[in-house]
Amino acid sequence: MLKRDMTIANYDPQLWQAITDETRRQEEHIELIASENYTSPRVMEAQGSQLTNKYAEGYPAKRYYGGCEYVDVVETLAIERAKELFGATYANVQPHSGSQANSAVYMALLQPGDTVLGMNLAHGGHLTHGSPVNFSGKLYNIIPYGIDESGKIDYDEMERLAVEHKPKMMIGGFSAYSGIVDWARMREIADKIGAWLFVDMAHVAGLIAAGVYPNPVPHAHVVTSTTHKTLAGPRGGLILSAADDEDLYKKLNSAVFPGGQGGPLMHVIAGKAVAFKEALEPEFKTYQAQVVKNAKAMAATFIERGYKIVSGGTDNHLMLVDLIGRELTGKEADAALGKANITVNKNSVPNDPRSPFVTSGVRIGTPAITRRGFKEAESIHLTNWICDVLDNHDNDEVLANTREKVLDICRRFPVYA
């Protein structure tokens, strides 16, 4: 018989220890991975609810199982809040991840072998935008576009490629690009050749919801996102559109279920509903504005300390520190900062001579530190500590001293007070 007082700690101490250790790591380390964030206790409460027990194949009021009257309420709340948040007329909250949301778009709009124009992974794109190791690169004819010498997207080259290759779909969005994307220009190019415009806004969804980054929903035929990252919700995916095209909406729904998934994760959808409600609050706008302020402060400090930032700065939540020409790889920088309790990820940079497993750069983002309460002053201090470590990556004393500074600031700015 199941009892409410059953706990992991009493039943599985080995697993509980790993959970406890990870909780401590999150509190004692500064998180700068651009795709990570801290979700609210309310979201975690939803994810730990009895909604996890319910199968609900189909969509609200069109289920294949009985007993769905309450999960219909949950999913409808998530759908309506997502539409309100991004100005959409359609939302599908069932994708289990951003990648699965993206695969549903491919399935809905394309046939295998169709030509797709997507951002080069080496220039800041994403695996699902056409990488040869991903389903997108294996099933479709991918034409990559990239950035120019200034580190900005080259729209003239994008248009030239579009006219030459006439892709059936163009993809906007990125995983490591620090500029503002001109969604309207991309739609003009797509319309010129009669292509679908699909935008993956996963990295900047929170900024977009808060109005501090341009919204692609009015311009694209279809938009996808994750619900974590800057949006600070549970791990999951989302599909949106404002195309007022019921045929398109039906194709997208069918591509998610039954095309790519079975039963939705109702406990996660409840978490999404909570996160969307939180993102509609005024304080969320204040938070996202601070995310960008902190990123700009960090980028400026890196440059002052002699480090190169791809694109020369940032207009969003992330930046790429370019280590080409230095006697330090991205992998080594990642490891050295880890010893100082600062978590980043190694990342390839444009024209990187090193392999993706080594790289010549690190990607840094500010959503998580801003969630802790960091403002510009703390962000500048942190950047100087990072530069101290990078300048002295083989000096154990510098790493130890930096670690103590990190532990002190983490105590002053806890994740969960």
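Just so you know, glycine gets a Cβ as well, placed from its N, Cα and C.
Bear in mind that the values here come from a model prediction, so they are computed numbers and not experimental data.
Straight from Swiss-Prot, the features:
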BINDING   L121, G125, H126, L127, S355, P356, F357  (6S)-5,6,7,8-tetrahydrofolate binding site
MOD_RES   K229  N6-(pyridoxal phosphate)lysine
SITE      H228  site 'Plays an important role in substrate specificity'
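Structural mapping of features recorded in Swiss-Prot.
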{"residue": "L121", "record": "(6S)-5,6,7,8-tetrahydrofolate binding site", "DSSP class": "helix"}
{"residue": "H126", "record": "(6S)-5,6,7,8-tetrahydrofolate binding site", "DSSP class": "coil"}
{"residue": "H228", "record": "site 'Plays an important role in substrate specificity'", "DSSP class": "coil"}
{"residue": "S355", "record": "(6S)-5,6,7,8-tetrahydrofolate binding site", "DSSP class": "coil"}
### Task
Using a 10 angstroms cut-off on Cβ to Cβ distances, just flag whichever of H126, H228, K229 is the loneliest among these recorded positions.
H126
### Message
Give me the CA-CA distance between G125 ((6S)-5,6,7,8-tetrahydrofolate binding site) and H228 (site 'Plays an important role in substrate specificity'), in Å, as a whole number.
### Response
18
#### Entry: Cα-to-Cα gap, L127 ((6S)-5,6,7,8-tetrahydrofolate binding site) vs H228 (site 'Plays an important role in substrate specificity'), nearest whole Å
18
### Summary
CB contacts under 8 angstroms to P356 ((6S)-5,6,7,8-tetrahydrofolate binding site), restricted to the same chain and 6+ apart in sequence, sorted by sequence, are S348
### Query
Which number gives the other C-beta atoms within 10 angstroms of the C-beta of L121 ((6S)-5,6,7,8-tetrahydrofolate binding site), all protein chains shown included?
24
### Task
Compile a sequence-ordered list of residues in the same chain as F357 ((6S)-5,6,7,8-tetrahydrofolate binding site), six or more apart from it, whose Cβ lies below 8 A from its Cβ; state 'none' when nothing qualifies.
K331
### Task
Determine, to the nearest whole angstrom, how far the Cα atom of S355 ((6S)-5,6,7,8-tetrahydrofolate binding site) is from the Cα atom of H228 (site 'Plays an important role in substrate specificity').
28
### Query
Where the record says L121, G125, H126, L127, S355, P356, F357 bind (6S)-5,6,7,8-tetrahydrofolate, what is the longest distance in Å from one Cα to another among those residues?
17
